[in-house]
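**Student:** From TrEMBL, here are the annotated features:
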type	residues	note
DOMAIN	7-124	domain 'Lactate/malate dehydrogenase N-terminal'
BINDING	Asp43, Asn106	NAD(+) binding site
DOMAIN	162-326	domain 'Lactate/malate dehydrogenase C-terminal'
ACT_SITE	His183	active site, proton acceptor
Amino acid sequence: MQAEPIRVLVTGAAGQIAYSLLYSIAKGDVFGKDQPIILVLLDIPPMLPVLDGVVMELQDCALPLLREVIPTDKVEVGFKDLDAAILVGSMPRKEGMERKDLLKANVAIFKTQGAALDKYAKKTVKVKEPAEKRKKQPREAFTAQTFLTFNDSAAVSVPHPQVAMRCGVSSDKVKNVIIWGNHSSTQYPDVHHAKVNVHGSETAAYDAVKDEAWLRGDFISTVQLRGAAVIKARKLSSAMSAAKAICDHMRDIWFGTKEGEFISMGVYAGGNSYGIPEDLIYSFPVQIKNKTWKVFDGLPINDFSRAKMDATAAELVEERDTAMDFLSQ
Ligand SMILES: NC(=O)c1ccc[n+]([C@@H]2O[C@H](COP(=O)([O-])OP(=O)(O)OC[C@H]3O[C@@H](n4cnc5c(N)ncnc54)[C@H](O)[C@@H]3O)[C@@H](O)[C@H]2O)c1
């Protein structure tokens, strides 16, 4: 017998990331090939005509798992009885816009959506955000920083293929590269704990790559600046890879991480063993079991990594304080 349909919200559903994301979700890439889905598409009122087009296309895809598509511009409809929520919708940065102005606009959006999640969603809702822990943290911290943490999805798609290409293997042969910190040019991709499967034997990434200068130099800057490089080339921000990374993250939240592997995810830092300020949302290595994440503790950190982890934490502290200022206005 087939399972009952689950209700999944995607916000920013008329946008370019959602355009790739919705197809992957509706064909079973995220919640499994035997899990029927009701897709709820939330966007702002001027985008409703575009949403209609997206609904038509989803219907025309003739996907057997897709039971219903509900387009809406109302949070009380969008967030009602959810099993999972993927919050993509936000104000994109426009030319000449200060990071601070962008933060202000998005703080307002996530404040509203955080409150709507609490009010209308099922209490077991899984959010592609570190929302499982949101009850244990100050509400403001969750609502103010969620849009930053969504962004880590796009970042984590970059490093594994980079290492894989360097070693001449496919990207599934590389595991446990960590992204620490913010999603910005201070993020720190760390290969010290990563493994590469070369001809069937698991090798430390440093030994497999055999190029320390690259690993400590161009590799890091390529990952840090990838978003900007895609915008420069495409004249649009990354969407296909961002959608794929969001799908991977949501699937890991739903089904758990593989044995012996961790993934990087922006989560609440409370109780971490890495000396990161406790009230930040920070990207850590995490393992997920029974739909609950846990920071993978106890990895040894050398001086090179320490400095980079602290630099990205300092930037997040500054952004957190700015967001808190906006929230209290
Ligand atoms: N981390 C990354 O590498 C990365 C990559 C690409 C995009 N992004 C960010 O992800 C976000 C989405 O990207 P995109 O390319 O799909 O942008 P987009 O502009 O194509 O789509 C965003 C959608 O969100 C909608 N939206 C705005 N406010 C909303 C609200 N309050 N409720 C619901 N929907 C709302 C917009 O109307 C729009 O349809 C942007 O903020 C973008 O900056 C991050």
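Using the three backbone atoms N, Cα and C, a Cβ is placed for every residue, glycine included.
Caution: TrEMBL annotation is automatic and unverified by curators.
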**Student:** Kindly assign Asp43 (NAD(+) binding site) to one of the three DSSP-derived states: helix, strand or coil.
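**Tutor:** Reduced to three states, the DSSP call for Asp43 (NAD(+) binding site) is coil.
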**Student:** Do any residues at least six apart in sequence from Asp43 (NAD(+) binding site), in the same chain, have a Cβ closer than 8 Å to its Cβ, and if so which, in order?
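**Tutor:** Once residues fewer than 6 apart are set aside, Asp43 (NAD(+) binding site) is near Thr11, Gly12, Ala13, Ala14, Gly15, Val50, Leu51, Pro71, Asp73, Gly89.
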**Student:** If you draw a 10 Å sphere around the Cβ of the residue listed as 'active site, proton acceptor', how many other Cβ atoms fall inside it, taking every protein chain shown into account?
**Tutor:** 23
**Student:** Report, as a single number, how many Cβ atoms besides its own are within 10 Å of the Cβ of Asn106 (NAD(+) binding site).
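**Tutor:** A count of 23.
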**Student:** Can you tell me how far the Cα of the residue listed as 'active site, proton acceptor' sits from the Cα of Asn106 (NAD(+) binding site), in Å?
**Tutor:** 15
**Student:** Quick one: DSSP breakdown of the domain 'Lactate/malate dehydrogenase N-terminal' (7-124) into helix, strand and coil?
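**Tutor:** So the domain 'Lactate/malate dehydrogenase N-terminal' (7-124) is made up of 53 helix, 22 strand, 43 coil.
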